[in-house]
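Peer 1: One structure, as structure tokens, below. Some questions next.
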Amino acid sequence: MADPLIPSPTNKAFFIIDLSGQKSNPIIPTEFIWNHFNGKIQSTNMKLTSDASDRNWDVKLDGARFAGGWKDFSVSHSVRDDDLLSFRHDGGMVFHVSPFGRSFSQIQLISSSTSDDDDDERTVFDDDEDDDVGDDDDNSISEDDFCSKKISSKKRARKETESSSDKSYLVAHVTPSSLLRDNMCVLSKFARSNGLDRRECEIDLRDEHEKSWTLLLRHNKKTGQAFMRGGWRSFCRNNGIKAGSICRFKLVQSGIKPVLQLCPNASSIPEGNSSKARKKRNVSEIEGDEIESENCSETIPLNQNKILTFDLKPYVFRSCQFFLPASFARENGIVEAGEVTVLNKDGIEWKSHLVNIKGRDQFYNRGCQDFFVANGVKNVGDPFTLEVIRGGPSPILKICSKVKQAASSDGHKTADRKPRMTDQAPLAEEQTDNRVEKRAQVTEEGGPSRSTRADPGNLQQKQPCSISDHVKKVKQSIVDTLTDVRRFQSELKVKEQNLEASLQEIDALGMI
């Protein structure tokens with residue numbers, strides 16, 4: 001018969017659950033039940049706590065298996081099926097859950113107290129150490145014994161956050177799920193200490209080079225958890241921050257629009273990749289340079305979010321409205337309605353108005369028909385480019401009706417939607433010019449040209465079956481096919497916009 005469990009701050013038993021490969025809710029290990037519950041759990045309810053949330057989570061038990069309430073807890077904490085979780089027994093049926101895995105949306109902070117007792121600290125564990133945890137066969141060892149194997153991790157975590165005990169500092173763990181969902185959860189203590197636990201507003205993330213990204217501060221309606229969304233992925237990408245990194249922010253401005261400043265700290269760089277990420281940030285200072293992706297041989301131009309190529313959609317002339325992609329507007333600081341100026345290559349200006357769609361992070365340009373027509377964009381499917389000359393309030397956009405002209409006049413490379421057609425057209429023109437020049441040279445030298453050798457009578461007899469008639473028919477067939485393709489693309493684009501709008505409405509309801 002096992003001794004009864006006596007909770008103490010220095011020796012608390014816990015068990016570890018590896019969620020990878022499990023298709024059902026987790027189960028409390030049998031060995032833990034025998035050692036600490038005399039072989040049988042009498043209660044049908046348990047309480048879960050975590051450092052990521054201030055509330056207690058009620059979870060029902062079906063024998064030893066987690067039942068009702070576990071799904072709400074896992075969704076709120078962004079738990080995935082490849083995570084490794086520690087359940088510390090705090091007495092009775094209360095368990096404190098800590099992440100050893102990859103998907104918790106907040107990092108666990110070291111306590112602001114300077115106590116020498118390591119057991120009072122909330123430790124940060126690295127993703128690359130998860131495999132070592134999973135190989136531990138003893139599921140009911142003391143937390144002290146387990147954490148003694150992580151001394152180096154504790155020291156590293158203490159270094160990362162020893163200066164973050166100030167209430168104005170926020171430490172965040174960049175996880176794959178946070179990048180995938182494009183949001184970052186805000187630690188409840190930080191939000192409450194700085195008056196952000198009940199607010200919904202815009203919030204700026206500022207990097208070391210004073211460049212800002214505007215995100216939206218929102219709250220989960222079920223749990224009250226604060227999070228920032230819409231721009232987190234872009235911020236990490238532009239600053240060379242990868243999944244598994246630790247970022248530290250300082251609240252440098254509160255008020256209507258708070259500002260979080262990224263602290264210059266090596267903790268924002270994954271271990272082993274610090275030099276590579278540092279090079280990326282240095283390269284990003286040079287406009288037009290390219291960042292080489294770590295896991296891909298392709299290069300991504302830094303100015304890719306300044307210029308976009310569009311095809312004119314049927315709804316534009318019908319509604320006199322043109323929708324700007326949400327990511328394009330957000331990444332260029334277009335976050336509020338107001339006046340917008342559109343320029344063409346000749347410097348002619350058109351004043352228009354940006355309207356925000358209520359409840360969404362999307363804008364449309366009202367009264368855009370005039371500058372489209374004036375710049376030769378008149379038919380459905382006509383390509384044109386928009387370049388952001390100045391973002392933020394009262395933005396200035398430059399329109400060009402031809403992709404080729406935009407690339408040559410501004411010095412920016414623009415993606416061509418029909419590379420084969422645009423590449424072959426100049427070649428065909430050159431070949432035609434060469435043939436014309438050769439014929440002209442032969443005629444000037446006195447030699448017989450093809451037209452002088454031909455009999456006009458024979459040409460008139462063959463006219464009904466001339467090549468020009470076939471060319472016209474082929475050309476018309478190509479035009480008809482191209483029109484059908486463009487119409488189909490337009491319909492797909494409308495459906496895509498509807499689906500994006502639906503996703504944004506779901507996000508607005510707090511279903512993250």
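Going from the start of the chain as shown, residues are counted 1 onward.
Every residue, even glycine, has its Cβ placed from backbone N, Cα and C.
Summarising the annotation, Swiss-Prot assigns DNA-binding region to 11-103, 169-265, 307-403. Under the heading compositional bias 'Acidic residues', Swiss-Prot lists 115-145. The compositional bias 'Basic and acidic residues' annotation in Swiss-Prot covers 410-421, 432-442. Look at Swiss-Prot and you will find 111-145, 408-465 tagged as region 'Disordered'.
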Peer 1: What are the helix, strand and coil residue counts for the DNA-binding region (307-403) according to DSSP?
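Peer 2: Going by DSSP assignments, the DNA-binding region (307-403) contains 19 helix, 40 strand, 38 coil.
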Peer 1: Take the DNA-binding region (11-103) and count its residues per DSSP category (helix H/G/I, strand E/B, coil), listing them in that order.
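Peer 2: Result for the DNA-binding region (11-103), in helix, strand, coil order: 14 helix, 37 strand, 42 coil.
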Peer 1: Could you put numbers on the helix, strand and coil content of the DNA-binding region (169-265), residue by residue per DSSP?
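Peer 2: Computed counts for the DNA-binding region (169-265) are 19 helix, 37 strand, 41 coil.
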